[in-house]
Amino acid sequence: MTNYIKLIALGLVTLFALIAANYARDLAYLVNALTVALVAGGLFLWVLRHTDEPVEKVDLSGEYMDGVVRAGVVATAFWGVVGFLVGTFIAFQLAYPALNFEWAQGYANFGRLRPLHTSAVIFAFGGNALIATSFYVVQRTSAARLWGGNLAWFVFWGYQLVIVLAATGYLLGATQSKEYAEPEWYVDWWLTVVWLAYLAVFLGTIVKRREPHIYVANWFYLSFIITVAMLHVVNNLSIPVSIFGSKSVQVFSGVQDAMVQWWYGHNAVGFFLTAGFLGMMYYFVPKQAERPVYSYKLSIIHFWALIFLYIWAGPHHLHYTALPDWASTLGMVFSIILWMPSWGGMINGLMTLSGAWDKLRTDPIIRMMVISIGFYGMSTFEGPMMSIRAVNSLSHYTDWTIGHVHSGALGWNGMITFGALYFLVPKLWNRERLYSLNLVSWHFWLATIGIILYAASMWVTGIMEGLMWREVDANGFLVNSFADTVAAKFPMYVVRGLGGVLFLAGAVIMCYNLWMTVRRSPAVAAANSAVPAE
């Protein structure tokens, strides 16, 4: 009976997608409608082929649902390389504008590729990492299989469809022009459905847990899922111009739209790239170090302080704009206060290694996790500092901000994710160990040097740029033209590109190492996937 309902639903989706493609008003909508029709049609044929087949009843209640976690690990590694590759290419496009090839204008120029890069790294690489690790962590800490049966698979594949629709839309010009919220209205609707299913799976697993205590990592994961849902819905309120076109009109306008956008934009950083990854830190660092969290009480204080303060900090992105002064001051004050709980979390993560500091010499995975926590501390000091009006007057609109974002995204999010992947793959594929710890060390050093080259070059060029914009002669006239500042930045743009190449090379080495771990590393004698909590 269930298969017949699926067939009806998939058939209708395929039909409506083909109708939408037929009446499409723009190329991006046409391509996305055909993509949906192809996916739904393929699923229709697959379900039809397996309908009425005898289904063998298998009791899975005593096993974790790790298949979807394995798929998430593969997707994380794949989208990571894609995102880093596009980012490295557009870094060289800025240094060498000739790389904006004339034949690729409108498809592969910087303006089309930049949102592809940010979305691939944040939402494809980071999002898949969060979904995969949260599904792994919530099962182990709850001693329960994921709730909802195959709903977790719907979340995984539905999220991949979001990524594909958004990416093809960017290349074909379908964008809301809202930073980190570029996908158009129909992609936003689908993402909302997928995200609510994700919330249901995660919350349902916690509700049916066998372990009475809810481990703090799950607090961070749950706060990230709930808050991102709220941010996404409010910031993407829009009215489609036509149901057969990608274009939509925002409900908010002017300064209200700017305020809502940066309430979303900053908290996408605060909850997607911070709270979710802190959940990762609070599980994988103690597991890899084989030590308990340094202070569980501090982790709880860290959680409540972070989720209360972060949500207020968005207006610091809008200093010296039409936003009322009191609003930007509010954002600045909460940003400065936010420094304290952030560093509390950093100290908690680092001190978890108490009694195991020798592992920094012998375990490159621990080294990777520790440096990620260091970058978290550095970014959460630099962010509040840059929110101060006097500092912001120099840093805003310059490459300093780009350096700040990448020291956090590559150093904190990237490194903790790499560490988690190295931890997960041997366990998920029942292997005794990683294929090569030497390759992990190579990855560590390539990534670290790449981040330093990238971030330091952007700090230097950003401060130089801000000072050049300010420079006036004895008569009060500006000394430097905009073109002068662009020319002065060229050497640092090349250094940034080289940093990106090193970081990308490290990610490729990681993918090879993980692949060889699955293919060549010796299997564990007796794989144990039973439910009792680890």
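Quick reminder: no glycine exception, Cβ is built from N, Cα and C everywhere.
Per TrEMBL, the Cu cation site holds HIS316, HIS317; the candidate it also names there, chosen from HIS266, HIS302, is HIS266.
In terms of C-alpha distance, the listed binding-site residues HIS266, HIS316, HIS317 place HIS266 closest to HIS406 (heme b 1; low-spin binding site). Counting in whole angstrom, HIS266 (Cu cation binding site) lies 13 from HIS404 (heme b 2; high-spin binding site) by their C-alpha atoms.
Contact between the transmembrane segment (219-243) and the transmembrane segment (30-48) does not hold: fewer than three of their C-beta pairs are under 8 Å, each pair 6 or more apart in sequence. Of the binding-site residues HIS316, HIS406, HIS316 has the largest number of other Cβ atoms within 10 Å of its own Cβ. Remote same-chain partners of the transmembrane segment (30-48), defined as residues 6 or more beyond its termini with a Cβ less than 8 Å from a stretch Cβ, comprise 3, 6-7, 10-11, 13-14, 17-18, 20-21, 24, 161, 164-165, 168-169, 172, 174, 186-187, 246. Of the recorded ranges 68-96, 185-207, 296-313, 365-385, 493-515, the transmembrane segment (263-284) has the largest number of C-beta contacts under 8 angstroms with 296-313. Close to the recorded Cu cation site, the chain also has TRP262, GLY265, ALA313, GLY314, PRO315, LEU318, GLY331, SER335, SER387: residues not among HIS266, HIS316, HIS317 whose Cβ is within 8 Å of the site's Cβ mean position.
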